[in-house]
Structures are given as C-alpha cells and as structure tokens.
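K.L.:
Straight from TrEMBL, here's the annotation block:
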TRANSMEM  12-35  transmembrane segment
TRANSMEM  42-58  transmembrane segment
TRANSMEM  64-88  transmembrane segment
TRANSMEM  100-121  transmembrane segment
TRANSMEM  146-168  transmembrane segment
TRANSMEM  197-219  transmembrane segment
TRANSMEM  225-244  transmembrane segment
TRANSMEM  276-295  transmembrane segment
Amino acid sequence: MATLSQQIVNGLVQGALIGLIALGYTMVYGIVQLINFAHGEVFMVGAFGAHFAFLYLLPEGVSWYVALPVMVVAAVAASVAVSVAMERLAYRPLRGSHKLAPLITALGVSILLQEVVRVFYPHATSPLPFPRAFANGHLVMGTVSVLWTGVLALAVAPLLAWALHLYVERSRLGRAMRATAQDPDTARLMGINPDRVMLATFVIGAVLAGIGAVLYGIHYTQIDTMIGFQNGIFAFTAAVLGGIGNIRGAMLGALCIGLVKSLAGQYAWGGAQYDYVWVFVLLILVLMFRPQGFLGRSEGVRA
C-alpha cells in the first residue's frame, strides 16, 4: 500500500508537468485549428534558456528565491521568442493552405530548433545536469515522500490551468479567442483581429511551456534536446484524451497519463521500460469508446 501511494503521487507530479505542455497544444488547436507538433520544442528551448540563465546570468551561490524567478523569466522569454517567430514565419503564411502543410512544417521546425540548440550546446544530445532547487528537501506524509519541486509542480500546474480557463471564459481577449475559434471571418467583421488573437494564443502556450520547462528541470535535474519530443508526444496524447481544445480536459488527460506511466512502470508487464506502451493502450481505448475525449463534445453528423 505504501508503494502504491508513492507511485500515485509520483504519477500526479509527472502528469502536472505534462499538463503544462498539453495546455499549449489544446489552446492552439482550439483557436487556430492547428496541431502544433513543434510545441514540444518550445518547451525544450525554454529549459535551455533557464539553464543558460542559471549558468551565465546569476552569481554563484545565489538564493533559490532569487534564482528561480530569474530562470522562469529567461525560460518564458526564450519560449515566447521562438513561438512568436514560429507563428509569424512558419504558420501564418500557410493559413488557408492544405491541412498537411502546417503539419509537415511543424515537423521541420521541430528538427530545426533541436539543431539550433545543439549549435550552442554541442553535448546536449546527452543529458546535461540541471540544478535542483531547495537542496533536495522532501515533504513527508506518512509513508509518502515528495520532493519540494514536485510539490511546487502539483501546486502550480492546476492553478495555471484554472487561471487560464477563467481568462479564456471571462476576459476580453478570451472572448475574442472564442469568437475567432467559432468563425474567424465573422469575428473580423465584429472588429476582432484574428491574426492578433492567434499570435496571443501562441504566446500564452509558450508562457506555460516556459514555466513547465523550469519545473521539469529543477525536478528531474537533467535536460537534453529530446525532452521536447518525448514530453511533447505525451502532452499531445493528453490533449487528445481530455478532448482537444478543452483546457480542463488537457490537464485531466495529463494527470491520467502520469498515473498510467507511474503505476504501469511499477506493476505492469515490462516495468518502466514499457510504461509508454500502456499510455497508448489507454489512448486507443478512449478513442474507441469516446473519440471526443473525456471532456470533449461530440459533433453530430449534419445533413
């Protein structure tokens, strides 16, 4: 029972970190109707931005209460810069083109970003050490022990998902986003600039990815150029499980994936080496019996 409780908590931490990436996938698809497969690399660039800030912008021995905000700002700045460039240079010219064009472009952008990072970090194909915050401290609850970095992830990720949901539902920009998602042409006639709304959507997704990158780095204490691809696959799966385009669904799907990975790694056939297999088994089952996802809306067939 103690092991089960520990694995559940570990899974929730994994899911919370995946969820911050999944929110970007579901936001972009919900507004732009585009699956941005390069979003994982936005997360990866944020992680290296934070790593660069810690090594070269902060004095040695600086307090984590100073270092962590600086790293978050650096990660968010790097992620947003890449995401804005991606939207304006790669995706905006392809609007109105065949749906395969943005998908192929996204794969090309992913590879490009990985190679650009390798120019500055030639050894990044192997794991690079990332500083762990709070001196490896733990929160102990009975038989369950959680790193403070894990506690931080569990607190921050759902809070950001909730804040994002409220922002989209109640703010002026959020209403513009929902109007653009429903009908961009009508939204333009009502005085909404769809280009500006779509750019804002990419920026919000990048901010969440940058924050998630720092939380991921300080928790797992290592990064490489493949963390974007690896975590991006799970994040996209989470968005599909929850109902792509649904903010709460993305976080719910991510938490489910974290639990499946953790529990399957401990108890299922193949152990941790095959935990991803059970994630995709879950995806297949959900798509078979509820193709719109946990919280997605089914679309009836129109005559």
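Cβ coordinates are placed from backbone N, Cα and C, and glycine is handled just like the others.
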K.L.:
Are the transmembrane segment (276-295) and the transmembrane segment (100-121) near each other by the rule of at least 3 C-beta pairs under 8 angstroms (pairs 6 or more apart)?
P.N.:
no
K.L.:
Do at least three C-beta pairs under 8 angstroms join the transmembrane segment (12-35) to the transmembrane segment (197-219), pairs 6 or more apart in sequence?
P.N.:
yes
K.L.:
Please determine whether the transmembrane segment (64-88) and the transmembrane segment (146-168) are in contact (criterion: at least three Cβ-Cβ distances under 8 Å, sequence separation 6 or more).
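P.N.:
Per Cβ check, the transmembrane segment (64-88) does not touch the transmembrane segment (146-168).
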